[in-house]
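J.: The annotation transmembrane segment is assigned in TrEMBL to 43-65, 77-96, 117-144, 150-169, 176-195, 207-232, 244-264, 284-307, 314-335, 341-359.
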Amino acid sequence: MGEPQEQQLQTIVKESKEADSPENANVNNESSVPQLRPCKWKWWLQMAIYSFFVLSGQSVATLLGRLYYDKGGNSKWMATLVQTAGFPILIPFLCVSPAARKCTTAGNYNATKPPSALILAALYVSLGVFVAVVSMLYSIGLLYLPVSTYSLICASQLGFNAFFSYFLNSQKFTPFIANSLVLLTISSTLLVFQTDSDSTKTSKGKYAIGFLCTVGASAGYALILSVTQLSFRKILKRETFRVVLDMIIYPSLIATIAILVGLFASGEWKSLNREMEEYELGRISYVMVLVWTAVCWQVFSVGIVGLIFEVSSLFSNVISTLGLPIVPVFAVVFFHDRMDGVKVIAMLLAIWGFVSYIYQHYLDDLILKSKAQSECVNQLSEDSLIERG
């Protein structure tokens with residue numbers, strides 16, 4: 001198990017000792033079950049809501065991004081901008097979130113002296129620039145690939161996350177994680193060999209560019225999650241909801257500024273008015289597609305933030321990957337993408353890889369609970385012997 005799981009184990013044992021103390025004995029005997037059930041139900045409800053935000057936000061935003069290109073949108077910079085420019089809707093959450101709330105999950109780090117403003121600025125700027133690069137790679141991939149192919153290739157991000165977590169977050173490789181990595185890699189690689197005859201506008205050269213950019217974006221996104229987790233442990237050393245929001249808002253602000261610089265430096269801003277006039281669905285629809293794409297990406301961000309706060313960044317990536325096979329199904333319905341044999345096999349391999357990854361976390365959770373129970377029993381035995389002595 002990794003360091004966060006060991007910390008969780010220590011927390012469980014500590015709470016168990018406190019719960020079994022003499023002053024708490026009567027309370028536990030009378031009302032432990034009524035008190036724990038609402039907490040469990042509340043936690044699972046929060047997980048369901050956050051997971052829904054991730055799945056729905058990611059799916060709708062991806063489909064709207066494809067709609068933007070299909071109906072006359074051509075600006076890669078604009079498609080990139082909407083991925084980060086919606087961050088102001090998160091500011092109200094930043095204002096109402098308590099600054100001193102402690103995280104009680106596996107990522108619970110001891111409160112220490114906060115890092116200097118210079119270190120925080122360097123962290124936010126570096127992450128923001130990297131987010132801008134990854135967003136541009138995603139935009140290029142979505143421009144040159146059918147949305148079903150694009151989404152299936154994005155499933156490789158889970159494998160990349162396992163790879164980076166091994167070096168940055170002390171994630172240990174097990175047979176199930178290795179199996180997941182291999183399956184997701186094969187799933188993505190299969191798609192480069194298909195012809196995609198349903199996409200007549202894309203040449204083989206552009207298809208290859210789209211494939212490479214999407215794979216690169218998936219690797220970059222996985223690296224961002226691993227670096228974020230590393231930053232919590234090594235730099236921020238605490239995981240309050242406010243700090244997690246800071247890690248979303250400030251890098252998004254830097255990324256938005258960087259993308260705006262690219263938009264004006266490239267000269268694409270000059271063609272935006274003509275692009276809006278010639279958009280097949282009309283001017284209003286053009287604006288609404290961009291606005292709702294930005295909103296959906298922020299809904300996705302809120303879900304990711306919630307899962308990072310309540311569980312871990314690794315788990316948030318698992319839920320994000322779970323939503324990727326959903327998009328090809330909707331792409332067949334709304335964009336008439338062909339779901340040929342290669343895509344079906346790639347989708348099944350991606351799902352298989354995801355299940356393998358989830359099963360490993362299930363086994364880790366069983367081991368964690370078993371160790372916690374064993375340590376609690378041993379501690380109780382020692383306390384009993386001391387009392388008898």
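Placement of Cβ uses the backbone N, Cα and C atoms for every residue, glycine included.
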J.: Near the transmembrane segment (77-96), which residues from the same chain, at least 6 beyond its ends, have a CB less than 8 A from one of its CBs?
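T.: Non-local partners: 61, 65, 68-69, 131-132, 135-136, 138-139, 142-143, 242, 245-246, 248-249, 252-253, 255-256, 259-260, 262-263, 266, 268-269, 272, 290, 293-295, 297-298, 301-302.
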J.: Do the transmembrane segment (207-232) and the transmembrane segment (117-144) come close, with at least three CB pairs under 8 A (pairs 6 or more apart in sequence)?
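T.: In this chain the transmembrane segment (207-232) contacts the transmembrane segment (117-144) - 3 or more Cβ pairs sit under 8 Å.
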J.: Any chance you could find the range in 150-169, 244-264, 314-335 with the most Cβ pairs under 8 Å to the transmembrane segment (117-144)?
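T.: Going through each listed stretch, the top one turns out to be 244-264.
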J.: Please report, as numbers and ranges, the same-chain residues at least 6 past the borders of the transmembrane segment (314-335) whose CB is under 8 Å from any CB of it.
T.: 50-51, 54-55, 58-59, 62-63, 66-67, 70, 146-148, 150-152, 154-155, 157-158, 161, 165, 169, 171, 222, 225, 229, 303-304, 307-308, 343, 347, 350-351, 354, 357-358, 361
J.: Are there residues at least 6 beyond the ends of the transmembrane segment (284-307) whose Cβ is under 8 Å from a Cβ of it, and what are they?
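T.: Residues packing against the transmembrane segment (284-307) from afar: 46-47, 49-58, 60-61, 64-65, 67-68, 71, 73, 78, 82-87, 89-90, 93, 241, 244-245, 248, 252, 275-276, 313, 315-316, 319-320.
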J.: Residues of the same chain, at least six outside the transmembrane segment (43-65), with any C-beta under 8 angstroms of its C-beta?
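T.: Tertiary neighbours of the transmembrane segment (43-65) are 79, 82-83, 139, 142, 147, 150-151, 289, 292-293, 296-304, 306-307, 310-311, 316, 319-320, 322-324, 326-327, 330-331, 334-335.
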